[in-house]
Amino acid sequence: MTQQMINGAVLCAVYVLFSLGLTLSWGALDVLNLAHGALMMFSAFTAYVVTQHVDLPLGLLFVIGVGTAGVCTLLLDVIVFRHIRAKVTDKRQAELLTLIAGVGAAGIPVTLAVAYTHDSPFGIGHLDWSAYRLGDNAQISTIQIAIILLGAALCTALALWVSRSRTGRALRAVAYDGETAELMGVNTRALSAVTMLIAGSLAGLAGMLLVIYLGALTPGSGEPFMLKGFAIIILGSVGSVWGTAIGAVVLAATETAVISQTSGTWVDAISFAIILLVILLRPQGVVGKGLAERV
Amino acid sequence: MSAVTGVPSLEVRDAAVNLGGVKALDGVSLTVQEGRLYGLAGPNGSGKSTLLAAISRLLDLTSGSILVGGADVMRRSPFEVARMGLARTFQTVRLMPQFSVLENAMLGADQPVYGSSFVRQWLMPWWTRSREASVRARAEAALERLHLMDLRDEPPLSLSYGVQRKVEIARALAAEPRLLLLDEPTAGMNRAERDEIGELLLRLRNEGVTQVLVEHDLKMMVDICDHLYVLDSGHLIASARPAECIREPKVVEAYLGRGRRAAA
Amino acid sequence: MNSWYFSHLTLIQGMLISVPLALSVQIALRSGVFSFASIGFYGVGAYGTGILTMRGWPVLPAMLLMIVVSGLVAYLMSAPLIRLRGLYLGMVTFAFDLILTVVATNGGELTGGALGLLGVPLGIGTGGLLAAALVAILAVSQLERRAVGRALVGIKASEELVMSVGVDLKSRKRTVFAISAALGALSGSLYVLTFSTVQPTSAGFTLIITTLTMAVIGGTSSWIGAVIGTVIITWLPTLAATIGEYQHLVYGVVLVLVVMYAPEGVLGALRWLWRRLAPRLRPARPPALVPSGGPPPDRGAAARAEPVPADRVKG
């Protein structure tokens, strides 16, 4: 039981990091980046490719992995999403085009990874972590502790950033009404760049932590994650940091319970079923308030 | 067909609409008799468009009820009300940019003439061909009435705003409605175009089409309407013949009072 | 000709199989139903027909059964789904596809687990594929004509408008959803009967990318777009020998570029060309912006007629 709670907490922390990036860009910029999952995988993949050629310390690998996802997301926004936002005035149409472009963009890192690894799992080593025993049949490793602490710390930091800082206020203003915010002197271009960079870096961090914790990812790991992130966001309402944390807790707890009760291969289907239920029953989310209140 | 004499074409009973805490309509009751031309006046934000949306069932009432031809329509969908012979135009013009003017008008006649059964479209080409011809005839007749036949093949976005509004009206007329709701049909039109629309509405009235007209042009409404309802802040504040109606103190205040206070 | 045909047989077959699938996405997008569900039903069709024919069912009844069942299931499923706004519908149907992948992986002996079905009896020739593709094209193209066609385009442009002219919006959307699913199932059935195998990943994310690219690159406004897209995507890898294993990368790039620069696809570009060329081909006529009849505009009279200054009325 204790062991399951630890596993659940680690899973939850990874989900939080991943989903926060997704919810930030969606809530503030109306960009639901469907390449978010693929870029999470791509951060670990880039680190893996680097380890194939040179031997770098783990810290540097993290910088490379996180940076790759951050920069790719930023480029995606600057080159593609911004272009769509500027060109298409109908909001619904822009939303769908962004979605389709995201699907297309996701295909690029996935194909690169498939071609390089021949569609097989890859890891970056660093599997030996010291573990501490907790009670009779539970243990926690330093990487697990690190993941849980990172998740909690970054979630808190982001919540404070959005609610307290000047940039955070500007972000909420943009989320509420982009045009007015721009008129009032908010530099929306710079703001959206920062937001996308943070969003992508969070995906990269989730990918790096995941590949070390699990030992390996596959080129296809991103897509189910993408959907889980989506489920978490709508569970907690779009754009809300604490809502995202709650959504992550619910999903991680459910999945951990399911894994302990069944063979584990069904676990994905169950999280997707949660998506169906949430969208059909409470499309406005459980917490109900996002970056900007949506009617 | 609803014309069992004495049954009004449209009846709104104690209608209320709450939009996010704002009472857009509050206890509005009114009756529309068959074959008459009614005006619905009131300052901006008084609930005119909300009332039209509620009548065409695009918006749910918070409470109250609406009867079309004596039948309660609160449980019916917008398309069912449309099939009862109600047609409408929108305040913001809704034309399909990818269609020609004629095709836009045909959209209005499609459902009364054919429906949109997929099975018939697949299996009965001869039947749909004959229907298509009658839809086209209806749409052309409607365009003719608005002097738009020259523009039948143009894409609507290439036309001036006033002409686009006429296409919007033609689409509603192509349905050959018994009850026609017009939401600011002459906004953005010049005087000549307004007069043309005014004459058209009068002619429609004489043909027996019941109409509810929302307009900013109070003079036009006084000139052509049989009866005027005036809304202010979601309340019905006047109901009378147009000439009497605009002299009622409440109406004058609704239109001018706040303006005077603001100017002072 | 003959040797060319045989050396490209797999591509030709693949193209014909893809036509109904591309149409399934195109008809949905054209009608404003942003759904990936037909990809899932592709899997249902492939597995269903494969399992039935492996148990001795004749080909045609097995196929028809899967198509009809998929259509019916989709129709029932659609009741809660079609209320959803575009993006949410897209994500729900995305989730639906992945659930089916998990179900196929966990289906034990029935679905062959992660390896999928192997050794499904071959049950259809190229002629059969061609016939199926033509039937699909005929069915979809008919729905772009006359009142049905106008209603479906209208649904995408403005739901309020089509309801106000009397279109039964919900029923039309649900039927489109069902037809899209049936087309997906048809395509899946054709696939398994041609290549005798199907895996859980066959109907996964890469198929979503490929199909979406086919529909969007050609242009979703007409079945012609879907067919053009299918032809392009099928033959693109053969034109450049290096594409090979990177074909999905190319699809991804192409999809992004099309969305950015030509959201109407190849069809949209052709229409644009036609509009530029057409006026030169037909006899010139005067610009008819002002309707015939009626005196010239009289702004003064209009202003005098305004009983209340506009700035006073805003409340």
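Positions of Cβ are set from backbone N, Cα and C atoms, glycine also.
Quick look at what TrEMBL annotates:
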type     : residues  : note
TRANSMEM : C:6-25    : transmembrane segment
TRANSMEM : C:32-53   : transmembrane segment
TRANSMEM : C:59-79   : transmembrane segment
TRANSMEM : C:86-105  : transmembrane segment
TRANSMEM : C:117-140 : transmembrane segment
TRANSMEM : C:176-194 : transmembrane segment
TRANSMEM : C:224-243 : transmembrane segment
TRANSMEM : C:249-274 : transmembrane segment
REGION   : C:284-315 : region 'Disordered'
COMPBIAS : C:284-298 : compositional bias 'Pro residues'
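Counting Cβ pairs closer than 8 Å to the transmembrane segment (C:224-243), the top stretch among C:6-25, C:117-140, C:176-194, C:249-274 is C:6-25. Only residues 6 or more beyond the boundaries of the transmembrane segment (C:59-79), in the same chain, are considered here, and those with a CB under 8 A from a CB of the stretch are 37, 41, 44-45, 48-49, 52-53, 123-124, 173-175, 177-182, 184-186, 188-189, 193. Residues 21, 24-25, 59, 62-63, 65-67, 69-70, 73-74, 77, 81-82, 86-87, 89-90, 93-94, 96-97, 99-101, 104, 107, 110-111, 117, 120-121, 123, 155-157, 159, 173, 176-177, 180-189, 191-193, 198, 200, 202-203, 207-208, 211-212 of the same chain lie 6 or more positions beyond the ends of the transmembrane segment (C:32-53) yet place their CB under 8 Å from a CB of it. Within the same chain, residues 9, 12-13, 16-17, 19-20, 23, 26-27, 46-47, 49-51, 53-54, 59, 111, 179, 183, 186, 190, 192-194, 196-198, 223, 226-227 sit at least 6 positions outside the transmembrane segment (C:117-140) and bring their C-beta atoms closer than 8 Å to a C-beta of that stretch.
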